[in-house]
Amino acid sequence: QIQFVEDKQEFSKFPTKTGRRSLSRSISQSSTDSYSSAASYTDSSDDETSPRDKTQVNSRGSTDFCVKNIKQAEFGRREIEIAVQDMSALISLRKRAQGEKPLAGAKIVGCTHITAQTAVLIETLVSLGAQCRWTACNIYSTQNEVAATHRGAGWRGESEDDFWWCIDQCVNTEGWQPNMILDDGGDLTHWVYKKYPNVFKKIRGIVEESVTGVHRLYQLSKAGKLCVPAMNVNDSVTKQKFDNLYCCRESILDGLKRTTDVMFGGKQVVVCGYGEVGKGCCAALKALGSVVCITEIDPICALQGCMDGFRVVKLSEVVRHVDVIITCTGNKNVVTREQLDRMKNGCIVCNMGHSNTEIDVASMRTPELTWERVRSQVDHVIWPDGKRVILLAEGRLLNLSCSTVPTFVLSITATTQALALIELYNAPESRYKQDVYLLPKKMDEYVASLHLATFDAHLTELSDEQAKYLGLNKNGPFKPNYYRYYWSARLEMQFNSSSFPPLA
């Protein structure tokens, strides 16, 4: 039997302003505040002062950082303790380097997403002998509590001006000059190249993990202006085939659910781009019953989409009828204002590619359109006739701006980044010229092997006869550098594209 409370409680009345603030504070101070996205979303601080205008001091008396609230450092440490449980490969690197410091003397300046997983990477680099300074590569993906723990530069929701200011604070520091760059998107590399050319010339190596940043490196190389060796981690097997595919296969649903509470069954979805990210998104959406179409410029990727059961369309042909549009290309103006004008009421538009230029958000910031903030990172853009388009994270990376991503798959990427830094820092001058390089296949295989123990996986070993028959070393590498496993690469098309503005 259901018994109803007979108290005459007036449920229709909203709590008072004081009551709302108290409730918000109690939520944000609970254990959920240590959960990455919740802490960022429910920050109930009444202090709206910009971190740039506040003087904060940590427990060591240092002020050399700029974060939202240094008092959140304890929560950040809890986040890191959770993440480290699923990043055993980085811990293995630390153990294998005991007594050795392969990064001794390295001064690494990093510009990546500031998350608990990144913190585990930073602590690994420090344990290997490096000094690190870090800033955020995305204005919405920073976990404030983790930034507080590692006293970085950046906070969730910072402005574009704050973003570039934080990068400059990391680079332009008295008594400390970086000699290695770890970048995600190319913004840090671009800033050092433009603003501090003398520092750029002394960099020993650059490690880049995104399509956008890699493309910029190839532009510099092609123009003869890349004066340091760079490692293209984005197109390493352990980044493309795991982070890009499996991470996005899980996190696309997480981001959409948290922001819109959307039901996927029966929804008409267009995924723009059928590379690794697009493949992951399509697989997840199809599994939940969405009707998925894709757009592509590459006939090979398009044919793969057809064979996987997806219709290949032009966005302009279906834009009036779709419920969700997801960009995964790394290009610019994939969704234009003309297409936005033709979308139906309630269409959800978001980006899973790195670049924030895939959706022409700037064209929507006009007087005739009204913006309403519905919840964190969710905007209703309202047309004069009342039509609403739901824009997520202002066109920036959905999964890291609006949700979290699986730690284990980020462990693979972080291990790849760490090995790339070690390789570039310790390589003799004659090994790498002033160009862009892919991670050696043997190193990719080593990263994969470090993660197999998690699954209690046991590799089969070649006999001497089998190794001789295949012409292989029994210990690898087992595939040639040109082997792309079973997903096609689009390197030639990406790197020869003129869609990105030149840096020079």
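Here the Cβ of each residue, glycine as well, is placed from N, Cα and C on the backbone.
If you look up TrEMBL, you'll see Thr115, Asp184, Glu209, Lys239, Asp243 marked as substrate binding site. Under the heading NAD(+) binding site, TrEMBL lists Gly275, Glu276, Val277, Gly278, Lys279, Gly280, Glu296, Asn399. The compositional bias 'Basic and acidic residues' annotation in TrEMBL covers 1-11. Taken from TrEMBL, the feature compositional bias 'Low complexity' covers 24-43. The feature domain 'S-adenosyl-L-homocysteine hydrolase NAD binding' is assigned by TrEMBL to 244-405. Taken from TrEMBL, the feature region 'Disordered' covers 1-60.
Everything TrEMBL records as a feature, shown here on the structure.
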residue	record	Cβ contacts under 8 Å, 6 or more apart
Asp184	substrate binding site	Cys111, Thr112, His113, Cys137, Glu208, Glu209, Ser210, Gly213, His354
Lys239	substrate binding site	Glu209, Val233, Ile412, Thr413, Thr416
Gly278	NAD(+) binding site	Val271, Cys272, Ile294, Cys301, Cys328, Thr329, Met352
Gly280	NAD(+) binding site	Asn244, Leu245, Tyr246, Cys247, Cys248, Arg249, Glu250, Ile252
Glu296	NAD(+) binding site	Gly273, Tyr274, Ala302, Gly305, Val312
Asn399	NAD(+) binding site	Cys247, Cys248, Ser251, Ile252, Asp254, Gly255, Met352, Val405
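Looking at the domain 'S-adenosyl-L-homocysteine hydrolase NAD binding' (244-405) alone, the prediction's average pLDDT is 95. For Gly275 (NAD(+) binding site), the Cβ neighbour count at a 10 Å cut-off comes to 24, with all displayed protein chains included. In the structure as shown, the Cβ atom of Glu276 (NAD(+) binding site) sits within 10 Å of 28 other Cβ atoms. Cβ contacts within 10 Å of Asp243 (substrate binding site), excluding its own Cβ and spanning all protein chains shown: 26. Rounded to a whole number, the distance between the Cα atoms of Asp243 (substrate binding site) and Gly275 (NAD(+) binding site) is 12 Å. Cα to Cα, Lys279 (NAD(+) binding site) and Thr115 (substrate binding site) are separated by 25 Å.
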